[in-house]
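*Asks:* According to TrEMBL:
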REGION    1-30  region 'Disordered'
COMPBIAS  14-29  compositional bias 'Basic and acidic residues'
TRANSMEM  111-128  transmembrane segment
DOMAIN    115-557  domain 'Major facilitator superfamily (MFS) profile'
TRANSMEM  156-177  transmembrane segment
TRANSMEM  189-206  transmembrane segment
TRANSMEM  247-272  transmembrane segment
TRANSMEM  284-304  transmembrane segment
TRANSMEM  405-425  transmembrane segment
TRANSMEM  437-457  transmembrane segment
TRANSMEM  463-481  transmembrane segment
TRANSMEM  502-522  transmembrane segment
TRANSMEM  534-553  transmembrane segment
REGION    604-632  region 'Disordered'
COMPBIAS  614-632  compositional bias 'Basic and acidic residues'
Amino acid sequence: MSSAPEIKQHSRAAHSEHSHQHSKLDPKTRAIANVDTKLSNPLRGIPRDQLMSDVEVFAKERGLTHILPDLQKGALLAQDPDAYNSLSDFTEEDRQILSDEVNHRWKQTRTLYYMVVMSSMAAAVQGMDEAVINGAQIIYPTQFGIGDPNSARDGWLIGLVNSAPYLCCAIISCWLSDPLNQWLGRKKTIFVTCMISFVTCIWSALTNTWWHLFIARFFLGFGIGPKSATVPVYAAECSPAAIRGALVMMWQMWTAFGIFLGDFIDLVFYFIPDTPGVKGLNWRLMLGSAGIPGLIVCFQVLFAPESPRWLISKNRYEEAFKELCRLRFSPVQAARDLYYIHVLLEVENEMKKGRNRVVELFSIPRNRNAALASWVVMFGQQFCGVNVIAYYSSNIFLKSGFSQVAALASSMGFGALNWLFAFPAVFTIDTYGRRNLLLFTFPCMAICLLITGFSFWDPFEKGRVAGVSIGIYLFAIFYSPGEGPVPFTYSAEVFPLYIRDIGMSFATATTWFWNFVLSITYPSLQLAFKPQGAFGWYAAWCMILWFLILLFVRETKGKTLEELDQVFAVPLTVHAAYGLRQIPYGFKKFILFQNPTPEELYIAESDSEENSGIDEKGRKEDRADVVEKGDN
């Protein structure tokens, strides 16, 4: 893992405002902020002799003296990522590998890509678990006696059955992520949750009443919740910083593939006739087939690496080094990451002593800012309206005039677009940034939802069908590279390591709770307000969320997991004011096509020391601040 330059604030006005905010903090909060500040790079400024001595002590204490030369070179790199260019300690082979790490960021080991494939398959399990109900729900309600389209009771019961896994995720299973990860590790947690998904999908296929199906799908939530919290964190902890966002967003991209695959399976199994003694064989096969990928992941995970960070946190340094050697090209890279993670964990362990992590998720400003930003993007992933389409697109297309087969085929089209247009995000998420993707796509999604809803007023069936299809498909095109991959990528990286499991549990519980609310209420919302009002409701939320993102969501691209502590140390009011100042800048640039000067609110410390006249005291106070360009 490379450590980027320490960061500080450039603008004098922002510096004054932050100093005023910082001075108002109580002594305990200031002390905690000072400890957090160490995370920018605890090794910076340590003399070489002292650093080498520290590494030698570390190697003896952890039984790693056999790799001491690699650890010493790794420590020099952890202190200064460019050290290989100026120090004679490094061989030509070292220099080539470390140069490729920067200049050819997609050149990675097979083990790393195997981890990506396994994580992607786990995501596909998630997508199939969510999607197969879309086709099944146009068949099983009639068999279970809850299929009256004009009955409010039946609408609520269908919503309850569909939303059962997300209710479990929100109130129970997501909060099991932290203890499961602490006890079992990342790999075993993924194995257990995928096995639960396999068993409960088969169980769902064997039910014969709506309440029995509700119970089976509720227990499916124990497979969905912890898995959704664990896999993105696992991918983030194994990935190099340069491609971390792209690799972590594979979670959403392959969840989208799972949704497409689930819709495809719905269409294929729709034509399966009943057999003697088995009524509803088609929807049973739809629900049961979603468990097969989970079983595949259970075998895949046996050969995947464990998270080096988790192993280090359990004092298993030799195993961590071996896993890092599998994930990186050279022992020097592995030693660098091992020592840097160790040093950061030592600092964070100081922070943990005598502290309640759940309370501090919200009581410490740095953590609270991260939790707020994560809440906004996770809430937005639901109330942008995407899962109304993912879970109810078959019913929506039926209401617009499609036949059942055409509705299932059209739903598969949505799933395909949702997956295919997630691919650009692999390249854009670390180029344009998470925040910018959201700010661009949310207004577009609002327009698409209005097109979909207003099309239901068209008295001509062909026009109505065309309008609904165009609106839904365009929505998928804008959702997939933006609010699709960003929330889980963002939430997996914004929390400091000592509360990362709890933070990710909070984030996933947020998305699953609002997923439950959306799933259970949509049938009744559509019955009460018609499709026009339902889609208009979610279009309005897209615009509200645009403002929330502008004010409260911070950019995280290109920073190591540890340096993000500085990003979220900036006071909430400072960042909100910065967001408001971006509105006139964006209007001039993107609407009037002018070329206004971007506000350079935050720049790297090395640049700021050359260009600003802030005194040494100001520099020290500013170490909790963040690099962020106004023209992100």
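Numbering starts at 1 and runs along the chain as displayed.
Any Cβ shown, glycine's included, is placed from N, Cα and C.
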*Asks:* Quick check for me: are there 3+ Cβ pairs below 8 Å between the transmembrane segment (247-272) and the transmembrane segment (156-177), leaving out pairs under 6 residues apart?
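*Replies:* Between the transmembrane segment (156-177) and the transmembrane segment (247-272), which are separate recorded stretches, there is no contact, as judged by 3 or more close Cβ pairs.
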*Asks:* How does the model score the domain 'Major facilitator superfamily (MFS) profile' (115-557) in terms of mean pLDDT?
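*Replies:* Summing pLDDT over the domain 'Major facilitator superfamily (MFS) profile' (115-557) and dividing by its length gives 90.
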*Asks:* Are there residues at least six beyond either end of the transmembrane segment (502-522) with Cβ under 8 Å to its Cβ atoms? List them, or say none.
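*Replies:* Contacts with the transmembrane segment (502-522): 156, 159-160, 162-163, 166-167, 169-171, 174-175, 177-178, 221, 224-225, 228-230, 232-233, 357-358, 361, 367, 370-371, 374-375, 378-379, 381-383, 385, 387-388, 391-392, 487, 491-492, 494-495, 534.
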*Asks:* Determine which residues of the chain contact the transmembrane segment (534-553) at the Cβ level, with the cut-off under 8 Å and only residues 6 or more beyond its ends counted.
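*Replies:* The answer is 369, 372-373, 376-377, 379-380, 383-385, 388, 434-435, 438-439, 442-443, 445-447, 449-450, 452-453, 471, 490, 522, 525-526, 572, 575-576, 579-580, 582-583.
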